[in-house]
Amino acid sequence: MGGQLSLLAQTAPSIGIFSYIDILDETHYVSQLNNSRFLKTCKALDPNGEIVVKVFIKPKEDSSLEKIIQRLKREAVLLSALPNVLNYSKIFESTRCGYLVRQHLKTNLYDRLSTRPYFTEIETKFVVFQLLQALKDIHDLDVIHGDIKTENLLLTSWDWVVLSDFCSNIKPAYIPDDNPGEFSFYFDTSKRRACYLAPEKFDSAKASGDGVHQATKEMDIFSLGCCIAELYLDGAALFNLSQLFKYKSGDYTLNDILPQTISKSSPVLKDILQDMLQVDPKKRLSAHELLEKYRTIYFPDTFYDFLYDYCKTLVTLGTSVPCADQIEVNTTLQDHLGSIDEILIKIYCDFGRICKSLKLPVLDQEDMNYNTKDSFLRVSDKLLRLENYETDKITASIQNEVSLIILVFLCKEFRNLQFPENKVKALQLILAFSLFVLDDTKLDRTLPYLVAALEDDSTRVKVMAMNCVTTLIKEVKHPNQLNENIFVDYLLPRVQALLQNGQEESLVRVAIASNLSDLALKANLFQEYCHTMQSSTIPNIVHDFESIEVIRKYSRKLQQLFEDLTVSILTDPEISVKVALLKNILPLCKYFGREKTNDVILSHLITYLNDRDPALRMYLVECISGIAILLGPITMEQYILPLIIQTITDEEELVVVSVLKNLKDLLKTRFVNKKYFYDITKFLSPLILHPNSWIRNFVLTTLVECINQMSKAEVYCVLYPVLRPFFDFDVDFTGDMLISCAKLPVSRNTYNLLRSWNNRSKKTFFWQRVTTNYVDAFGNSTINFVDKRYVKENYGLKTMKVESNIHLHTNENENIPLTLEDKFWIDKFKNSGLTDNELWKIVALREYVVRSSRSSSKKPETVTSIVSKLSLTPSNFSIENVMPNTVFFDIEFLHPETLTFNDLDVTNTNSIKESESNTFTDNHSKVIEMKGSLIFKTPRIPTTLSNLKNIYVQLEPTNNHSEGHAHLSARNQPANFIVKSSYEGQDKIIEKYLKQLNILPSLKEYKEFGFVSENTTAEADVINLHGKFVRSYPQIFDGTLLQSEVLLGTKSFMIYGSDQGALTVWDIDRLANEKSITRPLYYECSAEITCIKGLSGYDSFCVGLKSSEILIFRISLSKNGKAKNLQELICIRSLNLIGENSSEYPIQIECCPNNDQFQLVVLSNYSNVYLFDIRTMKVIEKLELNADYGCTISMVLDDKNNLLFFGTVSGIIEMWDARYFVQIRAWTFGESLPINKLAIMEQENKSLLVVCGGVDSAFFTLWNIEKLSCKHVFVRSNEQPSLDSFNVIDADKLDKLAFEKNNSNIKPIVQIFNNKVLYMDDIGRLLHILDTRNPEKSSTFAGSKVELHSFSVLQVTASLTMSLQKHNYQKEVNNSNYTSSRVMTVNVFQLKNKPYMLLTDEEGYINIYT
């Protein structure tokens, strides 16, 4: 602020400095950062976060700082757009002080130099580059900093440099060279005695002169050179004040000041400092010149071409920028919660470009020219090869470590990410960039952040972090001695804690199990490498012995940690966790060694063979052969080989296949002693007859391996007698010959029948076994079955003559006695196709079947297998004699609804069915039947039938009813009922389960909907309409009729709805009768009626309102003699559709009868589809259609209620499965015009889709739903349109959808009757009746004339037919009363076999034609 003012400044405030801060609005004092005599610097808080407030206390209260403040504000405006500058955001004065306010950053360069992790070489270069670039940017704006020092160079958490505390306008440009107090007063605020000022700044003449002097850019260059030198001197200042004066006078040179280490390690750096620290300002290079001169020489090209600009983009992304001529912007942390996620997504999407710019070798996923045996890391759309760093490109990338700049940003900002999916992407990026840094950097800079991610709340993040930790550790080739015990002291304890805390997260435990072996192998390599390095550097023998003892201690601790983790995983209750460990267990066995593997691993693996899950047994068998080779022949013979042979009898055939395959591999390695070949052959040879071809082929190939390792004499003396019965004739023992000459296997039915016989046999000799103490070579007890001799000796049959037909003769001339039950089973085999000569095959398979059955019964049932496989039952529990108990439900209504129909409604025995379940036997029912209704004046007390356990529905009290407004009380008050079950048992679990079932009556049992009608009135044959006017009715209520519906119930009704909410119901019989006039029923709704839909078979219908309501009405009839008259319109249900959008309302309703249910499908104006149960008016399903396809305006449900079709304004037709609410297909055609109407037409027992819209040249198109192809087109003219207009175009393949091509609010009216389409054009004048079967019979009504048209039918393709319209002649009809106004609705009905047509026009008239 000038020398004159500053010399008068108070050296200490008269009151506490905090009092100057607290008087500011929304600012709270925190602490004082320095106690400079010139400017007091404090940290404070405001709504935007932490701020720094610099306070200048005025020497006099009348002192004005206005001119200085104006200069500071102009400077701040210039600097506000630079991302590497932190300008003052608030500059103002009070009567006592001047204030400078800026954002607070925690770290400056001076503090960062003493903080771990220290800068690497590439980071130091990038910081220097940023400093020069920032200085260039401010100098380009003609802004001078004036006081560059390490305290004013701020750094973010990821080392982005920011210049702050510009002081060229508040501190003197020159100070006296004979007054050190001036230097301390202005520039030595930190009291470090370090001097960063340029030598020329010390000029007594200019400092004491009256002229205005400004600081120069060269001064900033010198100051920045001192900061750069300090950066390489590990925080030691280059000059103090006395040294600077000596340097200025020439007593010191730069070579004397710079240490020799800098000159030797980086001679280029010395050149840079010389160009910046010249005593003569004119010899100093500018920031721009320095950047250009040392490009490639010192700074990599990547800094210039990509890295700096990309980092600057990351800094500015999602941040707020002040408006023009503003120096501040108000923003809070809440405003930037998602900004880091946006930056992360950008880096992830730009990964390929980043790697290309940083010259990191990556592969595209489409590139198939890589070795598939290599491991790859997939990030975004790129692949990184793992464990293959031999190429020069990869080595250069690692040595350069340029990827560390992006890596540091990702690591520092990982904790600020909000969404788990973005954290997963960040972990992938961290791992990818870590592949291109040095090993020490991997362990010191990356690993801590990956390990910290193991404590994240998201399971996905934990799993990805565990995989990334393992991959990163595997990529480390040369660890240093500091990281020797990283597994014991750091990594494994955290993995152990993750395993213990993740008991409910099976995916986390799976990730640990799958990576444990790799970690164990790498931990062993770490120790071996570090021991080797240590032994070569320690010559002291005593110290060597001490080191060996420490090494052994850590080795034992490391092994114990891995042992604990392994046991926890091996005993985990989840099968998937065990399987994950088995897939990669060999490295873990190698780490433990033979003894530990036997004790820790093998003892647990043996128990897996008794597990119910076949996948676990199969994976165990696949890995057991490798473990056998690792553990040696003794373990192989004593433990593993017997287990393998035992598992051949597994009940799961895939497990058996896996066993045989691994046994063959073991034989091929000659790891099995020949003394076991006989027992193996004897055990396997019956499986040649097994119906599974895989088992059969693997058995034969296994036998070939045994034969190949034996001499010919051994084969014929030992194996030949065992194998001969299973081959048709003597053959050479080769694989091809054995397979081609083996006996045919038994069929699958025969094999299943044999197993069933074994399981169900009771009185049998065939399956009777003889007790023996003999065991085979594998320790398995042999199975001996009874024979004829044994039966005679032990069953008293020595002297008895036994019939020969109760013996089974085998190929070995062995007679097997049979009981009558056995004889019955043998007859079954013969009936299944097994001949007498083939019965020996079931004898050969008998032992294997018994062993496999015993193996199945030995496996205990686990909780997992009980839940996942309910069909498996424990062997000690039998349901063979337990009969199923079928439970029936019965629904009984408590009382009829307030509105009953006995007296009011007309009953016709031919057309109405009453539900039998609505009858009652108590006294109340008699009163109800006599009087018609029973109204309780006071509510009844809720009752629960506690004495009957099979009646469990609470009886709710009825509401008070008003006799005068009975129709209002009926709304949303369905009849109360109880549900009875036929279960009379005492099992609490079954009772609880039955109570949880949602049992509702069928719709026909709800009396408020009226009686079920069997009205089978046929649809009108509109082709017989002649256009003769019958009569006309004026609309007696306000509004224009917009909606209409014909309802076929006990009678035929015509329902109209207006835009004013007027709902009218007409009796069609009286409406078409010229001799009688009837007054319609009227109901005034609260808003415009948007849609009407009748409930087929009921005197009820649905109405949709623009006020978001859906109302269900019942038409009540009265009886006047034999006549049935309209009496009342009753609202029985209502529902408000308002959800997230208050302006949502229904635009179309479809009915979906589903067995005893009746569901409503409602389409809203927000393209949402709701499925309601009409009985409860509850939402069953909500479907949000694809907004990219445009607003949905039409809908239709097929006749079988299986398919839903939707049409949009952009011409898209969506086909959905109505049962599962899954989209099947979305397509468009033609010009993609709006789909105004969709309908279903039955033709030749096939459902066709009628589409009105999509193409302008046709009235409508017919589509084959099965083939999804256009079948028939009714063209508006006699010109054939292009075939391309009717090709199916997949909606997802469209680049841009056509929205609002047809802006007309007037839509054509389309009605479907049998095979005819009634089409009213969009101007409401011409009415077309188009016959899809006989196009020549189509006609058009227009005023008093009937235009007859013929259609020429063209078979364009094998599947497409076009009907081209041709105008023939006009026929005059006495039709003077034909409406001249625009037609609003068209309906057709049939009365006494005569068709009628009702037209409503915009003037409100209902016109009837025949």
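First residue shown is number 1, and so on along the chain.
Each Cβ is built from the backbone N, Cα and C atoms, and glycine gets one as well.
On a predicted model such as this, the values are computed, not experimentally measured, just so you know.
Some features that Swiss-Prot has for this protein:
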| type | residues | note |
| --- | --- | --- |
| DOMAIN | 27-299 | domain 'Protein kinase' |
| BINDING | Leu33, Asn34, Asn35, Ser36, Arg37, Phe38, Leu39, Lys40, Thr41, Lys54 | ATP binding site |
| ACT_SITE | Asp147 | active site, proton acceptor |
| REPEAT | 441-478 | repeat 'HEAT 1' |
| REPEAT | 485-525 | repeat 'HEAT 2' |
| REPEAT | 556-594 | repeat 'HEAT 3' |
| REPEAT | 596-633 | repeat 'HEAT 4' |
| REPEAT | 635-672 | repeat 'HEAT 5' |
| REPEAT | 1037-1076 | repeat 'WD 1' |
| REPEAT | 1187-1226 | repeat 'WD 2' |
| REPEAT | 1230-1273 | repeat 'WD 3' |
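Distribution of Swiss-Prot features across the structure.
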residue: Leu33; record: ATP binding site; Cβ within 10 Å: 16
residue: Asn35; record: ATP binding site; Cβ within 10 Å: 12
residue: Arg37; record: ATP binding site; Cβ within 10 Å: 15
residue: Leu39; record: ATP binding site; Cβ within 10 Å: 22
residue: Thr41; record: ATP binding site; Cβ within 10 Å: 17
residue: Asp147; record: active site, proton acceptor; Cβ within 10 Å: 22
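Note on the repeat 'HEAT 2' (485-525): DSSP counts are 36 helix, 0 strand, 5 coil. Of the candidate ranges 441-478, 556-594, 596-633, 635-672, 1187-1226, 556-594 contributes the most Cβ pairs within a distance under 8 Å of the repeat 'HEAT 2' (485-525).
For Arg37 (ATP binding site) paired with the residue listed as 'active site, proton acceptor', the C-alpha to C-alpha distance reads 16 Å.
Surrounding the centroid of the Cβ atoms of Leu33, Asn34, Asn35, Ser36, Arg37, Phe38, Leu39, Lys40, Thr41, Lys54, where the record places ATP, the chain contributes additional residues within 8 Å, namely Val55, Thr189. DSSP labels the residues of the repeat 'HEAT 1' (441-478) in these numbers: 32 helix, 0 strand, 6 coil. Listed by sequence, the residues of this chain that lie at least six past the ends of the repeat 'HEAT 4' (596-633) yet keep a Cβ under 8 A from its Cβ atoms are 559, 563, 566-567, 570-571, 575, 578-579, 582-583, 585-586, 588-590, 639-641, 643-644, 646-647, 650, 652, 654-655, 658-659, 662-663, 665-666, 669, 671, 673, 858-862, 864-865, 869, 872.
Within the same chain, residues 1193-1200, 1203, 1205-1213, 1215, 1281, 1285-1288, 1297-1298, 1301-1302, 1307-1308, 1310, 1312, 1315, 1317, 1319, 1328, 1330, 1332-1333, 1359-1363 sit at least 6 positions outside the repeat 'WD 3' (1230-1273) and bring their C-beta atoms closer than 8 Å to a C-beta of that stretch.
When the repeat 'HEAT 3' (556-594) is classified with DSSP, helix, strand and coil residues number 32 helix, 0 strand, 7 coil. Rounded to a whole number, the C-alpha distance linking Leu39 (ATP binding site) with Asp147 (active site, proton acceptor) is 14 angstrom.
For the repeat 'HEAT 4' (596-633), residue counts in helix, strand and coil come to 32 helix, 0 strand, 6 coil, using DSSP.
Here the C-alpha separation of Asn35 (ATP binding site) and Asp147 (active site, proton acceptor) works out to 18 Å. Asp147 (active site, proton acceptor) sits 16 Å from Thr41 (ATP binding site), taking the Cα positions as reference. Taking DSSP states H, G and I as helix and E and B as strand, the repeat 'WD 3' (1230-1273) has 0 helix, 29 strand, 15 coil. Counted with DSSP, the repeat 'WD 2' (1187-1226) comes out as 3 helix, 22 strand, 15 coil.
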